[in-house]
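Since the structure comes first, as structure tokens, the remarks are kept for the end.
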Amino acid sequence: MASHEMAERDLPYVDKYKGRITSAGQKHGVDPAVLGGIISRESRGGTGLVNSSGDNGNAHGLMQVDKRCHSPKGACGSQEHIDQGAQILVGSYSDVEKKYPHWTKEQKLKGALAAYNMGAGSISSYEQVDAKTTGGDYSNDVAARAQYFKKHGY
């Protein structure tokens, strides 16, 4: 199933958190459409979770904060949780920007998305940005989902 089709399916579920997503985006300087794209990819808007968990119990909430790297904050779809996911993405962007200062803003965003999934240390080049991500397409998939959410008011 293509990214836009998955985002379309997830839209009503992600929409339940739109106010919190928008707030987190404004607070942390992140496009809310990108946060919506992450939530769609990570948890299908919450429909892909079992007891707020995913990744064999290693990740928490809508944004699937990895418990092995972070102490999860807030309940599954809480403002605190979405803020934490936004902060992690901002930190990932900063890590990519330091590692690849010559990349364009768009390339850095794709790198940040890949780093959100697997850590900046796993990125070796822009051409291979998704090579080690889940499904080998994480940043491209989230970016495509974000485009869909942008067209639908995010």
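Backbone N, Cα and C atoms are what each Cβ position is placed from, and that goes for glycine too.
Pulled from TrEMBL, these are the features on record:
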- 22-129: domain 'Transglycosylase SLT' (DOMAIN)
- GLU42: active site (ACT_SITE)
- ASP55: active site (ACT_SITE)
By Cβ count within 10 Å, point out the most packed of the active-site residues listed: GLU42, ASP55.
GLU42
Take the domain 'Transglycosylase SLT' (22-129) and count its residues per DSSP category (helix H/G/I, strand E/B, coil), listing them in that order.
63 helix, 7 strand, 38 coil
Cα-Cα distance linking GLU42 (active site) and ASP55 (active site), given in Å to the nearest integer:
9
Express the predicted model's confidence over the domain 'Transglycosylase SLT' (22-129) as a mean pLDDT, rounded to an integer.
94
